Amino acid sequence: MSYSNKVAIALSLASITILSSSAASAHDFSAGDIRIGHPWSRAAPAAAPVMGAYLTLTNAGPEADTLVGGSTPLAERIEIHQMSIEDGVARMRPLPDGLEVAPGSSVALAPGGIHLMFIKPARPFAEGDRIEATLEFARAGSVRVEFVVQRNAEGKPDTATDHGGHTP
Amino acid sequence: MNRVRLFRICVWGAVVLLAGFLLVSTMLPEPQAPAEASTGTARVGGPFSLTSHEGERIDNQSLTGRPYLVFFGFTHCPEICPTTLFELTDLMSELGADAEKFEALFVTVDPERDTQALLASYMTSFDSRITALRGSSEETETTLRAFSAYAAKVPLEDGQYTMDHTTGVYLVRGDGSFGGTLDMHEPRDIRLQKLRRLAGS
Ligand SMILES: [Cu+2]
């Protein structure tokens, strides 16, 4: 391969990297066979003692793995919860054994269902913040991730931003 | 033999018909009043008395003649409660001055952890026209009963607890009658329309 070809390849790879990192709304992390898609958390009200966080887990391996927990310097702890609404009543329960991801399958942690819950955040999460955290898997071990803080699942700002009350 | 057989067919026919009738009648939705119609009963909006996050006493008497919306929640709620408050903030900002024609009330079902100070801080994130209310556990129970709403403390393994609670937003018209509920999953235009109608009631 000629020198100029190598340069061309290197340049195109670099431009791909720049393009993908500028797509702020999509970010992935992986460890072993586990891929963690777009971890995000909600912009929190002032003094909110808890905050929900979401992501998608994909297991490309031949064996099941289990998300058993996580931690972040920005909250007292991270728990795995399931919520449901039945007959107009909302219920939330911890998943003490963690969340299993079967081989070759995906599990979405999303509003209205399973979520991670940040307990006692050190400060309110403001839109655009990135929250560093470590997730623990039974097989894949520890994975460092970053939760991006969004106002809603779509990551679209709404007209409520003016009233957001995020003190600088 | 023929008669016995005929009798059996008739009995089984009757059983099948009855079972079918029961199945259909349980599957059909209960006849419901349209969302805008008054229930004409005191099932929603009965007597209650609570304290606002600014320390003001608010009860059904002080709301007489004034339309309001009310919903139940708590600050240790990661999703529905803050989302409802953010969405109401958005809708009220769109309504502008019309949103001054009704009260917006958020009643905590967890007065133990939701102190007045915590609520005062929490509410700074939302439209300043939304009022958080809390009461003693008795006052909270009375308020839940006043709206036929449900809340229960659920102990967790680690000594902590969480709350199960009704999620609907109740609309109460100026004349005290029930004006239906606001569903945060219905289109934004419909919700705006309902709130405008509430403001004019
Ligand atoms: Cu939770």
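Cβ from N, Cα, C; glycine included.
Over in TrEMBL, the protein carries these features:
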| type | residues | note |
| --- | --- | --- |
| BINDING | B:CYS77, B:CYS81, B:HIS165 | Cu cation binding site |
| DISULFID | B:CYS77-B:CYS81 | disulfide bond |
Reduced DSSP assignment, B:CYS81 (Cu cation binding site): helix
Listed in sequence order, residues with CB under 8 A of B:HIS165 (Cu cation binding site) and six or more positions away: B:PHE72, B:GLY73, B:PHE74, B:VAL109, B:ALA149, B:TYR150, B:ALA151, B:ALA152
Cβ neighbours of B:CYS81 (Cu cation binding site) where a neighbour is any other Cβ within 10 Å: 25
